[in-house]
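> Submitted below is the structure of interest, expressed as structure tokens.
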Amino acid sequence: MTETMNATGTSNEEPLIMTTETHKRINEEAINAYRIFSILYGLVVFFGGVAFSVSYAIVQGERAEMIKILARSYFIYLYWVSIIWITFCMIDIHRYQRISNKCKSASSEANRKSSMATYADLQVHHVSEDITTSNDRDNKLNSLKDLSHLSLTKKSSTDIRKSVQIHENTHNTIEQHDRKDHVVKHTIGYNYDKNSTVDGLYTRIGIGIFCLGTVIHSALSILSNLENHLCIRWISVVDNSSRLLFSFTQFFFIFKHSDLIIRSHQKLARLAIMHIVVTNLCVWFRMVVVETKSQILEMREHGVGLSQHSITVNHLITVNQSTIYPSRHLLNFNRECFKLRATGLPISTFIYEGYMRLTPILYPCTIEFSLMCLTLFCLIWKNIDKTFLHKISDNASTKNVFLVNCHASTKGLFAGLIVFSCTMISIILYGVLRHKSDDSFHMTQSSLAHTPSNTNTATISDPTFYANAILETGNLCLLTLSLCATVWSLIRVRKLNYHRTTSRFDDVLMIVSLTGIYLYSVFSAFAIISNLSSSTWIAHVKLAVIILEFVEGTVHTLFILVVLRKRLRPTSKHEYPAREMIALLIILDLSLWVQKTTTTTKFEANTTQLKFYNVIPWSIIAATATPLQIFFRFHASVCLSSVWGDMYKLPVYDPMSSSEL
């Protein structure tokens, strides 16, 4: 009979197991299908952005206005879909956290009442037993002393068993509730990966700086379009306003939820986050194309690359006889403004001129901000419905608390501040000499338009010569110091413990941005080596700088990827190997970042490359490689700041999440 019941039970369990496995397999297939669909949607959206961006830049004539309207409309669609989903997600997170807090309050209140009821039951039980014992003792005091003693012993043991049983039942009930709550947390709603490395203070500050540059860039573009009310392009105003709002919304979301794990509306989330990733990629590509066209027009305006060492008089006369509006106005001024200008109406260009002066500094911020955002959202997309072995939390209140230990960093910090001060002095001198060079250029341009063609122009390049000498000498010193400090630090930290990382965020950004250094170095080296025999000593210094930057960038990346996986040994808790050098490297990277942001985008720093490749090819190379090259320095400082704070913490074997503290 027992065997028959066991066989029946086994036969009933097998279909249940098969049904569970089938449901799990179907669910995994559906998840993979939605993941593939979101990737295909992203490819379609990205190629649409590429097509509109390229057409926007190269199409001329009557068809250009229609293409520009379609391109701006397409990007407005990308911006607003992203804004709507980010807003919805933040509202849903707030709603979930409010419900979760109510459930926690109710659960804690129920546990408190259960504990009080259990304690009261135990007290009542003991009182009733005491009363019974007292009555028995009064009735049988003289005749049953031994039996009463035995009865008391048995009742005492019975009380202990009942008390233990009640405690065990209560504890099991609480454990079942906790397990149920644990399962609910991991199946619906939103959680935060507490071991994530992408929500550090330095990373947030960096994204905030790039977001600020993007917002200023968009705001100046809006104001330059609104400057002349008779020829406002409203589609351009809406486009730039949408980009400004999209950038700010992204930054706000990333600042609060960069380590988010989404377990609610997963199908919609996969598609929406992929849309945001591709939107950032399209913005990055669009800015590269627009800035490439802008650089081409600016270089042609200055006559760069048309001769070996001087500018021909015919070209200077052509420039002098042109209108007061530079060629780069073609990017932002529409036909209505040109018609109004032709009729003699005054057209204000005050805001626009400031916008064009700041664009070489601001457009790398937009590119770097887009690159960081698309990487962070890629990680969020990857972590949708993901289960981690380490602890996670649904509490976001402690994410904004940071503790900093500055021990063993004083010397490196002050040495870095001295280097940073010298770098700023060299940048100021470079800017002064470059401004003097521009004044000399315009004075010579005006005089040569009325003088014979044999006028000597050798003095035009003197301020530029000294500016480039200061620039390349400063670069050489910074790169040499950085390479030496990196090699020394790499030797010092090799004996530390290996610690496996849980995030590929820093790895991806470091390797992607390193390609910018490789592109710039290789193409620049080819141009300088081919013209080395007829160049000055500055060309030799520049070649040394390019080779040194290639080597230093490679070693620097290797060092960062290694130290991100290193932790202090428990036996050496009072030692801080290479921490002062890491503090110095952080400021060195910041110095190189500031220098490249303010100087590398200037065409005067790349005259040899322009002569070798001509304007259009080098503009494409520079617009692609320069933002990545600049971003490499900033993100290297971000990674090193994370290493400076985390590598010297002793490992904790039973970690407690911040929500439990």
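The backbone N, Cα and C atoms fix where each Cβ goes, and this holds for glycine too.
In case it helps, TrEMBL gives these features for our protein:
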- 33-59: transmembrane segment (TRANSMEM)
- 74-93: transmembrane segment (TRANSMEM)
- 201-224: transmembrane segment (TRANSMEM)
- 244-262: transmembrane segment (TRANSMEM)
- 269-289: transmembrane segment (TRANSMEM)
- 361-381: transmembrane segment (TRANSMEM)
- 413-433: transmembrane segment (TRANSMEM)
- 465-488: transmembrane segment (TRANSMEM)
- 508-529: transmembrane segment (TRANSMEM)
- 541-564: transmembrane segment (TRANSMEM)
- 615-632: transmembrane segment (TRANSMEM)
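Thinking about packing and proximity, how do these listed features fit into the structure?
Within the chain carrying the transmembrane segment (413-433), a Cβ under 8 angstroms from the stretch's Cβ atoms is held by residues 406, 463-464, 466-467, 470-471, 473-474, 478, 481, 580, 583-584, 586-588, 590-591, 594-595, 598-599, all 6 or more beyond its ends.
Sequence-distant neighbours of the transmembrane segment (465-488) (same chain, 6+ residues past either end, Cβ-Cβ under 8 Å): 419, 422-423, 426, 429-430, 433-434, 437, 536, 538, 541-542, 544-545, 548-549, 551-552, 555-556, 559, 578, 581, 584-585, 588-589, 591-592, 595, 599, 604-605.
If one looks beyond the transmembrane segment (508-529) by at least 6 residues along the same chain, the residues whose Cβ comes under 8 Å of a Cβ in the stretch are 371-372, 375, 535, 539, 542-543, 546-547, 549-550, 553-554, 557, 560-561, 606, 608-609, 611-613, 618, 621-622, 624-632, 635-636, 639.
Within the chain carrying the transmembrane segment (541-564), a Cβ under 8 angstroms from the stretch's Cβ atoms is held by residues 197, 468-469, 472-473, 475-476, 479-480, 482-483, 486-487, 489-490, 493-494, 501, 506-507, 510-511, 514, 517-518, 520-522, 524-525, 528-529, 532, 582, 608, 632, 636, 639-640, 642-643, 647, all 6 or more beyond its ends.
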> With the transmembrane segment (615-632) as the reference, which stretch in 74-93, 201-224, 244-262, 361-381 has the largest tally of C-beta pairs below 8 Å?
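Between the candidates 74-93, 201-224, 244-262, 361-381, the best contact partner of the transmembrane segment (615-632) is 361-381.
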> For the transmembrane segment (269-289), which stretch among 33-59, 201-224, 244-262, 361-381 has the most Cβ pairs under 8 A?
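Answer, by Cβ pair count: 33-59.
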> Rank 33-59, 74-93, 201-224, 244-262 by Cβ pairs under 8 Å to the transmembrane segment (361-381) and hand me the top one.
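Comparing 33-59, 74-93, 201-224, 244-262: 201-224 has the most Cβ pairs near the transmembrane segment (361-381).
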> Hey, would you say the transmembrane segment (74-93) packs against the transmembrane segment (33-59), going by three or more CB pairs under 8 A that are 6+ residues apart?
yes
> Who are the chain neighbours of the transmembrane segment (244-262) in space, where the CB to CB distance is under 8 Å and they lie at least 6 residues beyond its ends?
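Answer is 79-80, 82-83, 86-87, 89-90, 93, 190-194, 196, 198-199, 203-204, 207-208, 211, 214-215, 218-219, 222, 269, 276, 279-280, 366, 369, 373, 376, 380, 383-386, 388, 392, 396, 399.
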